[in-house]
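Pulled from TrEMBL, these are the features on record:
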type	residues	note
REPEAT	8-49	repeat 'WD'
REPEAT	53-87	repeat 'WD'
COMPBIAS	271-281	compositional bias 'Low complexity'
REPEAT	317-355	repeat 'WD'
COMPBIAS	360-371	compositional bias 'Acidic residues'
REPEAT	397-438	repeat 'WD'
COMPBIAS	454-463	compositional bias 'Basic and acidic residues'
Amino acid sequence: MIQTGLIPNAHSDLVTDASYDFYGQRLATCSLDQRIKVWELDENNSWNVEDDWKAHDAAISKLNWAHPEFGSIIASASFDRTVKIWEQVSNPDVEHQHSSTRWVERAVLSDPKGTVRSVEFAPHHFGLKLAMISSDNTLRIYECVEQPALTSWQMVDELDVQTIVQGPSPGQLSRAQTMALATPTQTHGSLDGASASLVAQALQQGLQQSTNAAAQRQQMGNREADGGWCLSWCKDKYWGEVIAAGCGTNGIIKIIQINSRRSTTLLSLPANSNTATSTTSIPPPSQPQASSSGTGLQSEGSQPDLRASTPSGSSPSNAPTTAITSVSWAPSCGRSYHLIATGGRDGHVRIWKLKPGNDGLEDSENSDEEGGGGRDKDDSDGEGEDSKWTAVVVADFDHHRSVVGRVEWNITGTVLSSAGNDGRVRLWKATAGNVWRSAGSVGVEQADATASAKENKDVEMES
């Protein structure tokens, strides 16, 4: 049974986001009224306003709490093209402009050239980092360099999501290959083989980004209303800093490996195809850029060498694309695969099952320690089937029949919730037989008496 509560008149305008803290005892909400409110759950299971303040000069799009080991910290993203860092203090400075509240503005990140649509702190084992994505199609990663002051944040990576190159996962490169990358302090490094390809492709990527940035910004006005910008961190420490991100109207979610040397795309998830397979080979850097916005896959010079097949009964590859408005990476909780949920403007909630390639860092390190000189011979070319990331859609629901604005997993990654413009929050859960089905819905208004029989339709989960 679903238990619900209602907070009437929470804001004076449309509520754009709501985010629970780590313990689920406090709730932060934001709105078009440019204000942030923090609510606390009392012993009577009622939500009471703890703090309320004007946070931005434009509508606020997204909120996110940092892990409690760093303190009570909230990041807010806004249409004023900034992300602000807020910290709760017991005795705020009386001279501070927000002295009427217990939340103090610690930092303002103003690098985005477009409206900031999503912000999310990294899992705590990576330190105090956050990622943001804005309507300029750029993913930016920041790290706090002054803790616990929270006043100084350094941008450690800036990626154009649409043009980021395809590359192997870190485990695909042996330790010897990694050390062979030449740097200004490594004059002995030889630029041959895979290393030369990496450097050449990185240069090509920079050229493409510079030549296409102006054209993309000119088209931004047409994409603002119909686009979607979203991101979600991988919660699993083993695979390193990996982010699922989407931008614009192409309907593609990219799985991006964040790396201090060169961040790359591991896999792309097209909205109008039910399967996706990445290759670990690096495409030639001299391929000309080509647009194929009418397909589930884009063909660009820096686009992944992605081979996606469409099973019978699924959407054709030339179906119109639609923007993905929300993405959520489920906690793995010991699973050998990952689950990623997406919500789009087409009203569909999709659940992707991702299987990483068997090219972990441990295998490479063990081979070095045993004197094997790197990977096994079968995997040395990077083209083995076990080295590829694969993905398949295991559930596809269109019950909202309107734009899906948000998808979110529970703490164990076993229950998915989605919110749509139909005014309902719907829950999805897998049964013991790995069959995804509706687990109920909640709405402010009474549901129609003639509920569609499709509500109870099961969706088989592929093995």
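Note: Cβ is positioned from N, Cα and C throughout, glycine not excepted.
Here the repeat 'WD' (317-355) has long-range neighbours at 226-228, 230-236, 244-246, 248-253, 255, 267, 269-273, 293-297, 308, 310, 389-409, 411-414, 416, 418, 420, 426, 428, 436, 461-462, meaning same-chain residues at least 6 beyond its ends whose C-beta is under 8 angstroms from one of its own. Per-residue pLDDT, averaged across the repeat 'WD' (317-355), gives 90. Across the repeat 'WD' (8-49), DSSP classifies residues as 0 helix, 22 strand, 20 coil.
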